[in-house]
Amino acid sequence: MGVQNILVIGAGQMGSGIAQVCAAAGYSVTLQDLKQEQLDRGLGIITKNLSRTVDKGRMTEEEKQAVLDRIQPTLDIEAARGADLVIEAAIEQMNIKKQIFAQLDELAPAHAILATNTSSLPITEIAAVTKRPEQVIGMHFMNPVPVMKLVEIIRGLATTDEVYQTIEDITKNIGKTPVEVNDFPGFISNRILLPMINEAIYALYEGVATKEAIDDVMKLGMNHPMGPLTLADFIGLDTCLYIMEVLHEGLGDSKYRPCPLLRKYVSAGWLGKKSGRGFYVYE
Ligand SMILES: CC(=O)CC(=O)SCCNC(=O)CCNC(=O)[C@H](O)C(C)(C)COP(=O)(O)OP(=O)(O)OC[C@H]1O[C@@H](n2cnc3c(N)ncnc32)[C@H](O)[C@@H]1OP(=O)(O)O
Ligand SMILES: NC(=O)C1=CN([C@@H]2O[C@H](COP(=O)(O)OP(=O)(O)OC[C@H]3O[C@@H](n4cnc5c(N)ncnc54)[C@H](OP(=O)(O)O)[C@@H]3O)[C@@H](O)[C@H]2O)C=CC1
């Protein structure tokens with residue numbers, strides 16, 4: 001059975017981007033979150049992104065409206081009953097993801113594929129709470145979703161070839177490039193990116209340079225589009241911390257220990273751009 005209806009769980013920065021690109025490709029999308037405020041915020045970001053595309057002459061006002069009309073917001077996870085594919089993009093915590101997947105397994109039709117946008121958590125462990133581990137898979141988008149080409153696709157131990165192929169086809173349909181990666185903590189993207197960011201935070205913590213200088217070195221010296229501290233703020237410092245914890249625990253090597261300064265900022269509620277303050281202050 002083909003995929004037509006996609007349910008996206010979590011209307012944060014990633015969930016809203018995923019809903020946008022799926023709806024733009026013609027899928028019928030339901031976007032679910034726990035709070036109306038988050039749904040409104042997510043839909044606001046999607047509308048702003050699409051309006052920018054209209055302003056650039058790459059989309060008509062009618063096409064924009066058609067994309068918006070294909071996105072149905074809801075607070076009710078019962079929406080899983082109508083889904084062919086669920087893409088989960090709630091927060092990066094194993095206990096939350098397990099709860100969500102157990103519920104989805106109860107609600108979603110037997111043919112539905114359950115995908116997670118986790119940045120680092122083992123797919124096999126998430127799949128194990130369901131009675132359909134062969135239909136559970138990692139579909140790891142990059143931030144900002146409408147811009148970044150990559151989707152890492154990660155099979156759990158039991159994921160079938162058929163399910164992998166369906167997800168690879170959908171990834172291409174929404175204009176992204178799939179790269180297959182094995183199920184190890186942090187996959188490839190965050191096993192390489194996050195230790196670099198964590199090291200930049202250590203450099204700040206140890207007083208090696210100012211935050212601006214650290215970012216300038218990596219931007220001007222390595223041609224990175226954003227410095228590592230700006231990028232950490234952009235990803236979300238909570239997400240950065242969770243990923244480092246997964247790497248530290250999952251790979252068992254002290255080189256992945258999260259910097260105490262990162263912990264302190266997250267405890268203070270300084271989560272980066274999304275909360276208005278991280279290493280930098282945002283309007
Ligand atoms: C943590 C994980 O699990 C994995 C991850 O995602 S890690 C994070 C991966 N992402 C990155 O590393 C992003 C690094 N940063 C960048 O690539 C760039 O700074 C950027 C693309 C975000 C912005 O690019 P820029 O050249 O500085 O800015 P700007 O010229 O304003 O934008 C470039 C384009 O992106 C679009 N864009 C920028 N930010 C956007 C956003 N948040 N949402 C949608 N579109 C956006 C702009 O509209 C513009 O589009 P056009 O070229 O079509 O006009
Ligand atoms: N940020 C990034 O660069 C990337 C993140 N990811 C992954 O994507 C996922 C989401 O990250 P991101 O969008 O940045 O995080 P955000 O904090 O922006 O969004 C998470 C959203 O999920 C909601 N949520 C939390 N629990 C539940 C639940 N049980 N059911 C439904 N919604 C829930 C949150 O609501 P509330 O705020 O009310 O708790 C919030 O709206 C994480 O797994 C992350 O690791 C993957 C690639 C890149």
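Every residue number used here counts from 1 along the chain in the order it is shown.
Heads up, the Cβ atoms here are built off N, Cα and C, so glycines get one too.
Residues or ranges marked as NAD(+) binding site in TrEMBL: G10, A11, G12, Q13, M14, G15, D33, E92, K97, S119, N143, K274. Annotation comment: TrEMBL describes 6-183 as domain '3-hydroxyacyl-CoA dehydrogenase NAD binding'. Per TrEMBL, domain '3-hydroxyacyl-CoA dehydrogenase C-terminal' is recorded for 186-282. Per TrEMBL, the feature site 'Important for catalytic activity' maps to H140.
Everything TrEMBL records as a feature, shown here on the structure.
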residue: G10; record: NAD(+) binding site; contacts (Cβ under 8 Å, 6+ apart): Q32, D33, E88, A89, A90, I91
residue: G12; record: NAD(+) binding site; contacts (Cβ under 8 Å, 6+ apart): D33, Q38, G42, A89, A90, I91, K274
residue: M14; record: NAD(+) binding site; contacts (Cβ under 8 Å, 6+ apart): A89, N117, F141, N143, V145
residue: K97; record: NAD(+) binding site; contacts (Cβ under 8 Å, 6+ apart): E88, A90, T116, T118, L121, I126
residue: H140; record: site 'Important for catalytic activity'; contacts (Cβ under 8 Å, 6+ apart): N117, T118, S119, V151, E152, I153, I154, F187, S189
### Summary
With neighbours defined as other CB atoms within 10 A, the best-packed of the binding-site residues D33, N143 is D33
### Task
Run through the domain '3-hydroxyacyl-CoA dehydrogenase C-terminal' (186-282) and tell me, per DSSP, how many residues are helix, strand and coil.
66 helix, 3 strand, 28 coil
### Query
Among the binding-site residues G10, M14, D33, N143, which have a Cβ atom lying under 6 Å from any atom of ligand 1?
N143
### Query
Which whole number is the mean pLDDT over the domain '3-hydroxyacyl-CoA dehydrogenase C-terminal' (186-282)?
98
